[in-house]
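**Q** Take this structure first; my questions come after.
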Amino acid sequence: MIETFYEVMRRQGISRRSFLKYCSLTATSLGLSPVFVPKIVHAMETKPRTPVLWLHGLECTCCSESFIRSAHPLAKDVVLSMISLDYDDTLMAAAGHQAEAILGEVMTKYKGNYILAVEGNPPLNQDGMSCIIGGKPFIDQLRHVAKDAKAIISWGSCASWGCVQAAKANPTQATPIHKVITDKPIIKVPGCPPIAEVMTGVITYMLTFDRFPELDRQGRPKMFYSQRIHDKCYRRPHFDAGQFVESWDDESARKGYCLYKVGCKGPTTYNACSTTRWNGGTSFPIQSGHGCIGCSEDGFWDKGSFYSRLTNIHQFGIEANADSVGVTAVGVVGAATAAHAAVSAIKRARHKDAAQDTAATQK
């Protein structure tokens with residue numbers, strides 16, 4: 001019998017107070033209101049830890065590198081307490097035939113009740129021989145493990161979209177997971193890599209409510225991918241004011257102006273970078289002075305230079321041409337300034353008249 005998350009925490013000497021605090025912080029990190037805290041507490045107390053099998057295909061392990069750096073919940077809490085991570089050839093102690101034996105045992109014991117997490121993708125060309133796991137093509141392992149999984153998580157842009165190994169002309173025919181496994185519910189968590197707290201947040205939500213979070217039409221969780229980076233970017237006021245960096249060493253760059261003209265893809269990229277940020281909420285690429293490359297969007301690797309600016313963006317809330325933004329902004333600011341001056345003048349006149357009337361009455 002698998003222990004519940006609460007039982008594991010108590011066994012580790014964690015107090016009830018600390019457990020409740022953890023549940024409250026978890027609700028906050030997921031963007032949930034306080035009314036959900038009792039539900040999280042109940043789930044952590046009663047639901048057994050879910051077995052998770054984590055496979056690796058064609059990838060660079062950046063998703064795992066991001067995952068283990070999660071600040072809340074901590075990766076150690078997720079791996080050692082919240083879930084039962086029974087197979088991950090990068091993190092597990094066993095290797096070789098021992099590791100593959102564990103995979104088979106878990107699949108048999110928890111048939112239909114385990115979550116399959118996939119990092120990377122399978123190559124289909126040459127019968128999948130470009131990626132071999134345990135002496136067999138990864139595509140065979142993927143199909144075998146997916147067969148009895150209750151849900152599948154596609155970690156990162158490799159599993160979600162194909163990423164750089166699927167770049168033209170894609171000689172290995174690297175293929176995203178949803179185009180290979182078509183009969184299972186799949187949640188995509190794109191990014192190269194995804195934000196650590198987004199990864200642990202998705203797992204926490206699934207374990208707590210025993211379902212996927214609400215997904216957008218591309219299969220991404222809306223709680224993390226419903227807004228463009230541009231929408232909450234701290235440099236957005238500079239965009240609206242027509243203040244842009246023209247080259248990397250100009251005065252505008254030193255002042256922290258908008259990076260749109262030097263290739264920032266924030267206006268077309270849906271992710272939580274500008275709100276959740278990276279390294280425990282410390283920063284994100286735009287804050288560090290480099291434009292967004294759109295790494296969570298499908299096909300970003302084949303859309304030209306990262307430093308070529310977007311043109312003719314036709315989305316709500318985005319001006320079609322950055323060159324006209326400054327002119328428009330000047331006009332708006334000028335009109336607003338004139339209106340403000342007129343209102344101020346009227347108020348001063350009224351105040352002066354009122355003062356004169358008061359003085360006359362006192363006489």
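Positions of Cβ are set from backbone N, Cα and C atoms, glycine also.
Taken from Swiss-Prot, the feature signal peptide covers 1-43, and the record attributes it to sequence analysis. If you look up Swiss-Prot, you'll see CYS60, CYS63, CYS158, CYS192 marked as [4Fe-4S] cluster 1 binding site. If you look up Swiss-Prot, you'll see HIS230, CYS233, CYS258, CYS264 marked as [4Fe-4S] cluster 2 binding site. The feature [3Fe-4S] cluster binding site is assigned by Swiss-Prot to CYS273, CYS292, CYS295, with similarity to another entry given as support.
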**Q** How many other Cβ atoms sit within 10 Å of the Cβ of HIS230 ([4Fe-4S] cluster 2 binding site)?
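**A** The answer is 25 other Cβ atoms.
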**Q** What is the nearest of the binding-site residues CYS264, CYS273, CYS295 to CYS192 ([4Fe-4S] cluster 1 binding site), using the Cα of each?
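**A** The answer is CYS295.
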**Q** Given a separation of at least six residues and a C-beta threshold under 8 Å, show me what packs close to CYS273 ([3Fe-4S] cluster binding site) in the same chain.
**A** ILE195, ILE229, PHE284, PRO285, ILE286, CYS292
**Q** Suppose the [4Fe-4S] cluster 1 site is CYS60, CYS63, CYS158, CYS192. Which further residues of the same chain have a Cβ inside 8 angstroms of that site's Cβ centroid?
**A** GLU59, THR61, CYS62, GLU119, GLY120, TRP155, GLY156, SER157, CYS163, PRO193
**Q** Can you list the residues of the same chain, besides HIS230, CYS233, CYS258, CYS264, whose Cβ falls within 8 Å of the [4Fe-4S] cluster 2 site's Cβ centroid?
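**A** Residues close to the [4Fe-4S] cluster 2 site, other than HIS230, CYS233, CYS258, CYS264: ILE229, ARG235, ARG236, PHE239, LEU259, TYR260, GLY266, PRO267, ILE286, GLY291, CYS292.
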**Q** If you measure from the Cα of CYS60 ([4Fe-4S] cluster 1 binding site), which of the binding-site residues HIS230, CYS258, CYS264 is the nearest?
**A** CYS264
**Q** Can you tell which of the binding-site residues CYS63, CYS158, CYS295 lies nearest to CYS264 ([4Fe-4S] cluster 2 binding site) in space, using Cα positions?
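**A** Checked the binding-site residues CYS63, CYS158, CYS295; minimum Cα distance to CYS264 ([4Fe-4S] cluster 2 binding site) goes to CYS295.
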**Q** Would you mind ranking the binding-site residues CYS158, CYS295 by how many other Cβ atoms sit within 10 Å of each Cβ and giving me the lowest?
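**A** Among the binding-site residues CYS158, CYS295, the sparsest Cβ neighbourhood within 10 Å belongs to CYS295.
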**Q** Under a three-state reduction of DSSP output, how is CYS63 ([4Fe-4S] cluster 1 binding site) classified: helix, strand, or coil?
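**A** In three-state terms, CYS63 ([4Fe-4S] cluster 1 binding site) counts as helix.
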**Q** Identify, in sequence order, the residues in the chain of CYS63 ([4Fe-4S] cluster 1 binding site) that are 6 or more apart from it along the sequence and have a CB within less than 8 Å of its CB; answer 'none' if there are none.
**A** GLU119, TRP155, GLY156, CYS158, PRO193, PRO194, MET199
**Q** Per DSSP, to which secondary structure element type does CYS273 ([3Fe-4S] cluster binding site) belong, with helix, strand and coil as the options?
**A** coil
